[in-house]
Amino acid sequence: MSLAPSLPELIARARADLRMGVPIVLRSATGTSVAIAAENLSNDRLISLASLGDVVLAITARRAETLKAPAYDNNIARFEVPKSATKEWIQAVASPEGDLATPMKGPFVSQRGGCAERHRAAIKLTKSARLLPAAILVDTSEALDLAAAHGLTIVPVEDASPYMALLAPLHDIIHARVPLAASEAGRVHVFRPDDGGEEHFAIEIGKPDRDAPVLARLHSACFTGDLFGSLKCDCGPQLHAALTHMGTNGSGVLLYLNQEGRGIGHANKMRAYALQDQGYDTVEANHRLGFEDDERDFRIGAAILKEMGFHSVNLMTNNPAKIARMQEQGIVVVHRVPLEVGKNSHNSAYLATKAKKSGHLL
Ligand SMILES: Nc1nc2c(ncn2[C@@H]2O[C@H](COP(=O)(O)OP(=O)(O)OP(=O)(O)O)[C@@H](O)[C@H]2O)c(=O)[nH]1
Ligand SMILES: [Zn+2]
């Protein structure tokens, strides 16, 4: 029935529900669960969930590692939530904010065996909602009735999983001339994904030849560096140096990708910064939050380049992973153009960590 939401639309709806703190229902071959994000859990909803059955907290293995708790489900762990647990207990397990003040949060009872697919799907959804990667779930045979009674979104896990891994098609919705300080021949394109996800931008300078390598930069959004001149990173100077270089060159394309905080979102990036103030480096901070070093999906950048008709690039980057991801996606990287600007006393440790742990060429 064409009026019914498609699987990608159901996933987008579930993501929005989790962001608001609304429960969703996850249905798989082995059962049904009601799930809610740990980050915005309310006491009322916790009490309602607990009345349905045993509450389980699903977190990533990265976060479990910080908590020194075993993770028996590869990249995730499932903890039994004690009957006496409050939402504060759950959120303290999910979030590292209070780790220094209260390092001993356990003992944790990790679940082993059984099906963890609904838990895994819930974590994927919280990540794509740019929340802390943690969800609470209650398995109950009443879940579908509850969904019908309360209008909850039902996600069929096995059918939806391939779409969670798939890149949604992106479309050039509109483009218009925008004269820039770096070049009066600027044009801004807005790319919108089909899945209700964030829009990305392409800044085209001049009229780059589609049959020759284009001077290109894939810039991941950094609201602190790009907008406010934060000295904690080198993003702002890199953004402006790249545009200036394209202006001097007469042509180029800068993709401004909405992948804030290496894909973990604004709030989580600020959580990572708070951890860095406690002495953790940029990679350790991501891990303590439950994320991998880099959660960005560079297929987006490659897809936009292809959509614009580009097949080969002279890529302005210091990040070898970006080059590798482009090549994997069929974009030929003819040359790497180094972009070494914006070093200062506040970001020297950050840049050194990127060189040491992420292989950045500095
Ligand atoms: N999670 C996290 N993200 C950060 C931190 N500092 C900066 N970022 C984000 O990192 C991203 C920087 O991306 P890019 O400018 O593409 O940098 P890069 O991957 O080092 O590659 P090149 O600049 O091309 O060499 C932006 O999304 C920033 O918001 C941090 O400490 N933690
Ligand atoms: Zn930055």
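Placed from the backbone N, Cα and C atoms, the Cβ positions cover glycine too.
Keep in mind that TrEMBL annotations are predicted by a computer and have not been checked by a curator.
When Gln111, Gln238 are compared with the GTP site residues Arg217, Leu218, His219, Ser220, Ala221, Glu260, Gly261, Arg262, Thr282, Thr317, Lys322 in TrEMBL, the one appearing in that site is Gln238. Here the CA atom of Cys233 (Zn(2+) binding site) lies 17 Å from the CA atom of Arg296 (active site, nucleophile). The two recorded residues, Arg217 (GTP binding site) and Asp294 (active site, proton acceptor), show a Cα separation of 18 Å. Taking a Cβ cut-off of under 6 Å from any atom of ligand 1, the recorded positions Cys222, Cys235, Glu260, Asp294, Arg296, Thr317 reduce to Cys222, Cys235, Glu260, Thr317. When the recorded positions Cys233, Cys235, Asp294 are compared by Cα distance to Ala221 (GTP binding site), the shortest distance belongs to Cys235. Secondary structure at Cys235 (Zn(2+) binding site), as computed by DSSP, is helix.
Cα of Cys233 (Zn(2+) binding site) to Cα of Arg262 (GTP binding site): a span of 12 Å.
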